[in-house]
Amino acid sequence: MAEEPTYTTEQVDELIHAGLGTVDFFLSRPIDAQSSLGKGSIPPGVTAVLTSAAEAKSKPVAAGPVKPRRKKVISNTTPYTIADNIPPEKLPINTPIPNPLLPLARPHGKMTDIDIVTGNITEGSYKGVELAKLGKQTLLTRFTSNEPVSSAGSAQDPNFKRGGANRERARGNHRREWSIAWVGDQVKVFEWCNPRCAPVTASARKFTCTCGSCPSICGECEGDH
């Protein structure tokens, strides 16, 4: 059985001094990532043999050509277009805002107004008054679950829909149209005539005949102003 080696105090101090010198040497210089060895590259076993093999494997890599680093191209263009937060032009105090259903340049027709507070109704056609009453009832009950008392001029009434069947309108080859709007405390119903061949739009517009068989004035629109 071989005897264990013994070291004197001077030999131990010399080994410690050499080890500390090696540590100071590597700490005083930058570490090259290509030549440094991680723990994952040294499998368990005879450390001296495996370490030498790993170092020999890393030397060709260090001696190989160094790839140039790619320069990061910084684009000067903004990827997003930022909208200007310009405040809208403020209207003077008490400036009325036009209702889209009641344009300023509306065609000739009849206007029926009903005041919700007083219940006063301006002069208008029978159908306009009925629709104004329906508009008032709808406005007062729009946030409740109560059913309307009367269906006159309601969605169940075919005459309420623009272009609905009507014998008088069929004779005149005109289509009577209505536009209901709520302006303040008033319900406004505007009515006018359009040729039957004209398209149905959401705004109060006057169209001209395109089929050549519609008269310019019918029995319903001859009294419009």
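Each Cβ is built from the backbone N, Cα and C atoms, and glycine gets one as well.
Per Swiss-Prot, the candidate among CYS193, CYS197 that belongs to the Zn(2+) 2 site alongside CYS209, CYS211, CYS214 is CYS197.
A gap of 11 Å separates the Cα atoms of CYS193 (Zn(2+) 1 binding site) and CYS214 (Zn(2+) 2 binding site). When the binding-site residues CYS197, CYS211 are scored by other C-beta atoms within 10 Å, CYS197 scores highest. Taking each Cβ in turn and tallying the other Cβ atoms within 10 Å, the top scorer among the binding-site residues CYS193, CYS209 is CYS193.
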